[in-house]
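Taken from TrEMBL, the feature compositional bias 'Polar residues' applies to 341-352. Sequence annotations record features per position, and here TrEMBL assigns domain 'Palmitoyltransferase DHHC' to 122-242. Among the features that TrEMBL reports, region 'Disordered' is placed at 333-352. The transmembrane segment feature in TrEMBL is assigned to 20-43, 49-67, 167-191, 203-227.
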């Protein structure tokens, strides 16, 4: 026990090395830009003031979104998804996998669970001993199941999922803007130092290296940011992009797509003024999501809607499931959604889209 505990402590300590590295690079870039460039190199006072003001805006937003991604605790399934004590004892005693699946199916009838494993079985985490909600996966690094897990990012030493995916996308956006702004404003002085139009001083190394580092990070972040923008537009996680979620009627890579605008709204919220701020505003509860299911899951026919509390960003999510789902699928449907005359399953309700208006009906 003692050696294994020591190993886990060492692993936790080593996992912070990428975060420390990023913070050291950011601290150096702040010194190089503010002191070496703006104070020692730029002679024009007006140019200094403008550069510093814009730089600090990007720097503040970058640091804010970065640390929000780091400190946001990954949202995990609630106790409702754990097996009742009696069923848990039966499950552990049972050695037949088919019999174990029957136990899980019986419990899952009372839960808003619609995705399955590749073989069609109920998704169950033996480590956390709970039935996995839709889009939930177990992270071996964090040692927990994470709601709407996207991936585990070593650069933030945290799981990116339902609770902090918006913060992660903003972190990529502001880090990219931070780098491109530095590269653009440093370029002219980089050329002057490179062509010896400025005297050799201690600022030369910092300015030259600052341009190379900013450009390198911008190129690498640009591809990652573009990829996650594509994921947001398609309403997919990184895991779902590589392995399509499986429903009762089979795998469907677009199973959670409800239209570009509503896909974006799920992540960033319905108030556009909050989109650019690293404040929690995502819709939903992290357990149930609007889907494009063609066939209603007969096993879930008797599921009654019940509010499942999800604590995100230090507070209980104030947006109930029914409100957020109806907001996403109610009101105005886009033309691409109106073309689909099949029912849309939203966990506890089915919306028939046969007419321009939406008529909810209970399963």
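Cβ coordinates come from backbone N, Cα and C, glycine included.
Automatic prediction, not curation, is the source of TrEMBL annotations.
Map the listed features onto the structure and describe their local environment.
On the 0 to 100 pLDDT scale, the domain 'Palmitoyltransferase DHHC' (122-242) averages 94 in the predicted structure.
A Cβ distance under 8 Å defines the sequence-distant neighbours of the transmembrane segment (49-67), meaning residues of its chain 6+ beyond its ends; these are 22, 26, 30, 33-34, 37-38, 42, 156, 167, 170-171, 173-175, 177-178, 181-182, 185, 276, 278.
For the transmembrane segment (167-191), same-chain residues at least 6 beyond its ends with a Cβ under 8 Å from one of its own Cβ atoms are 29, 33, 37, 41-42, 51, 54-55, 58-59, 61-62, 65-66, 68-69, 72, 150, 153, 156, 160, 197-198, 207-208, 210-211, 214-215, 217-218, 221-222, 224-225, 228-229, 232, 267, 276-278.
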What residues elsewhere in the chain lie close to the transmembrane segment (20-43), defined as a C-beta under 8 angstroms and at least 6 residues from its ends?
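Distant Cβ neighbours of the transmembrane segment (20-43) are 51-52, 55, 59, 62-63, 66, 155, 182, 185-186, 189, 198, 201-203, 206-207, 209-210, 213-214.
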